[in-house]
Each structure stands twice: as C-alpha cells, then as structure tokens.
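Participant: Sending over a structure as structure tokens; questions will come in a sec.
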Amino acid sequence: MSFVPGQENAGSRSSSGSRSGNGILKKTTWADQTERAGNNGNRGRRNQPKQTATTQPNSGSVVPHYSWFSGITQFQKGKEFQFVQGQGVPIANGIPASEQKGYWYRHNRRSFKTPDGQQKQLLPRWYFYYLGTGPHAGAEYGDDIEGVVWVASQQADTKTTADIVERDPSSHEAIPTRFAPGTVLPQGFYVEGSGRSAPASRSGSRSQSRGPNNRARSSSNQRQPASTVKPDMAEEIAALVLAKLGKDAGQPKQVTKQSAKEVRQKILNKPRQKRTPNKQCPVQQCFGKRGPNQNFGGSEMLKLGTSDPQFPILAELAPTAGAFFFGSKLELVKKNSGGADEPTKDVYELQYSGAVRFDSTLPGFETIMKVLNENLNAYQKDGGADVVSPKPQRKGRRQAQEKKDEVDNVSVAKPKSSVQRNVSRELTPEDRSLLAQILDDGVVPDGLEDDSNV
C-alpha cells in the first residue's frame, strides 16, 4: 500500500468534500473551486496542470515533477544547504518514520534584468522528494549528485525506496514544509509559506463565514503567529525610550559652552592615563604641551584629539592592556612628594618602554606611515612646543581693535583753555550792544566776531 502525505487514512470520510477519480476523498478548497470555474470556459479542452516553480523552464532545464512540500529559498549568498544527520525530512500526516527518507533538489531559478540593464540571477530554491521519486528517482541514497542533499530519519531504511505516490497537482496541493522539533534550519534560508501563507488566509475567510459561536471557537483554537523581530525594531525601541525621557532621537545634540565645560571637567577629573582627549578637552589640556617627552601630535590632531578622522587607523597600533603589561619593560619609581606645606603622600610612577612592530602587509600601511610622519615631532616643524595656533578673533572684534589702534597712533592736540573756548565763539546781540557803548563811534562792524578785531 502506497502512502499519501497529509492523509491519516485513505478510506476516511469528511463532512465536506468530493471524491476524485482514484477513490480518494479530496477536500474541496477555494483554489479548487477557482480552477473548476475556470475550467468551465475551456470548451472541452484538456485540463493543463498549473505550472509551479519546479516545472518552470530555466535555461532549457525543466523539472517535470511536483514536490509534496513547499520549497526552501535561499536569501543569503555563500550559505551552504545542509542538515544535521537524522534531520531535514519534512513531516506529514500519514507517513511513518520508516518512509521518511529522500533528498532535497536544488532548482536554479530564472534571472531578471535590473533597471540599469544588468542581468541578476535569483538565488536557488530547494524542493524535497522522497527516495525513488522526483527528478532523480533512479538514484540510490547517498549518490554524489550536483545539487542534491540526501536526508533521512534515524528509523528509515535507506537501502529501499520510499513507498510514496507521486503528487498529482490536480488532486493534491503542496503541503507547507514543517520539520520535527529540534531541527536546525540551514542559515541563510527560509521556508516558503512559513509566514501568513495562502492556506492560513483561506481558513480565516472560511471561519468568518460561519456563525459567531463557531468563529469564536475556531479563533481560540488557531495557533497565534510567532512574534518576529524586524531589523529596525532596535531603533524603534530606542526612539520610544528617548521619547519617554523627553528627548528627540532625530534632533542632534547641541554642545553649549556649559556642556563643553562639564565634559572637559569630567575628563580632567580622571587619572592621567585614563583621559581621552577630544574637541571639548584638547590634547594639551589633558597631557600638556608638546616637547621631547611628548612628541606626538600635529596642530590639527592636537585640537581634535581622538575625534580626528585619522586617529582610528592609528589606534590599530595601540597595544592592549595585556600587551602593555606583558610586552613592555616596566619599572616602578618612587617620586618626591609635594612641598613642605603639602600633606605627605607617597607618589609612584610606573615607567614603561616597549615597541609596536608592524610591516608593509598591515592593512592601511601607507596611510599609517603618512599619519605618523605628519605627527611625530611635529612641534619641531611648527616652531615650538606649543603648536596650537591662538584662537582667531571674530571679525567685528578685530575691526574694533584696528580702529582703536588707529586712534592711538594719531597725535591729538591738547584741549583749549576756557578763555580760548570763549573767544572763539560768535558774539551775541547783547555783546554787540555792550561793545557799542565802549567804543567811541558807537558802531561795531558786522565782521567782528572775535577779539582779534577789537
């Protein structure tokens, strides 16, 4: 007796359905009704089976066999399709463990043309066939065949073929692929129809057409879909948290003078060996001016610190904590404590010396050499230990300063005395009247305006 996947007993009856030509009770589905309605317009022509992915031609290669199960599609390049031994056979009602043996067949799908005119090949899809069926029905289990992966359960006898009938698409629909609990699906692949498949949506539409009691009962019996994690779910969660805290995730954080001062003070409060210089706390504030003992850093890198775009590639040369302690020469030196008026305390220095070795095979070697040459002993090239240029003044302030300098350079005459200021002013009518009495002729000329004409 041949087994039919998806059927517990070939002789069982159902409350609704119709018998096919081979005597097997076939469940009537919405898809069957659609096909039957379409066949009424064929005017006696022979029914043609609907093509599926396994029968569509691709570069002249046709697979004239229907799998009992939905396919597994690859969505990541470079991933290998394989299962752990004893796993990989889809489960179906009515198939005993002894018949769970077969192979996965790789179907190379068609290519398509992209908008820029290039041909892009779709990643392959895999279909399962029981041993003794499908495109390699004559092959023995374990034969080395390109595009074939053999799978079998632990109880299956792989020396004999499986007693499974071929699927007739006009009588049986493909079964959604499911595996036994504990099966590890190959990475980079997904099962077709594992989400909201067409059968699920059809069953939902049928349940809605029933009464309210039946609909409530069927909805309670339906399995709830598994929660899925979207790629951008982490960003959504972060945005919700920020919104809860009253912050806008899309708005860039503005650095004010107060916040920069707080950042700088926070860095300077750390021990010297734990400080990380940046824009708010430049290198020289963290570690002092450049000189013979601290000879690294050009003007730009001293301003930006670790925020400099060239710094990350230099950080590749920095030793790890393990390399620092175990790959360096260390010496513990006690230093003198503070002055006489300072409290007595023991001060030590852990002095170290070592080397970082690299060669031209290091990724980014040329860039590293360029950055090193620009920043090593840069204080000597820039004319002093302090290579940071003074902060430029604003244009308005600079112009005001220039005007002030011009005023300072111009020699200004001393102010006149009060007598001189009074003489230079014009005579009023009262002044003219008074002068007329003084003068003999009693007339004051019109041009008389100062004491020089008197």
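A Cβ is built for glycine as well, from the same backbone N, Cα and C atoms used for every other residue.
So Swiss-Prot has the following annotated:
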- 1-62: region 'Disordered' (REGION)
- 11-21: compositional bias 'Low complexity' (COMPBIAS)
- 56-197: region 'RNA-binding' (REGION)
- 64-193: domain 'CoV N NTD' (DOMAIN)
- 159-230: region 'Disordered' (REGION)
- Ser170: phosphoserine (MOD_RES)
- 193-212: compositional bias 'Low complexity' (COMPBIAS)
- Ser194: phosphoserine (MOD_RES)
- 249-292: region 'Disordered' (REGION)
- 260-383: domain 'CoV N CTD' (DOMAIN)
- 267-383: region 'Dimerization' (REGION)
- 267-277: compositional bias 'Basic residues' (COMPBIAS)
- 382-428: region 'Disordered' (REGION)
- Ser389: phosphoserine (MOD_RES)
- Ser424: phosphoserine (MOD_RES)
Participant: Run through the compositional bias 'Basic residues' (267-277) and tell me, per DSSP, how many residues are helix, strand and coil.
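Facilitator: Secondary-structure composition of the compositional bias 'Basic residues' (267-277): 5 helix, 0 strand, 6 coil.
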Participant: Near Ser170 (phosphoserine), how many other Cβ atoms are within 10 Å of its Cβ?
Facilitator: 14
Participant: Quick check on the domain 'CoV N CTD' (260-383): DSSP residue counts for helix, strand, coil, in that order please.
Facilitator: 52 helix, 16 strand, 56 coil
Participant: Is it possible to list how many residues within the region 'RNA-binding' (56-197) are helical, extended or coil according to DSSP?
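Facilitator: For that range the per-state counts are 6 helix, 35 strand, 101 coil.
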Participant: Take the domain 'CoV N CTD' (260-383) and average the pLDDT across it for me.
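Facilitator: Summarising the domain 'CoV N CTD' (260-383) by its mean pLDDT gives 86.
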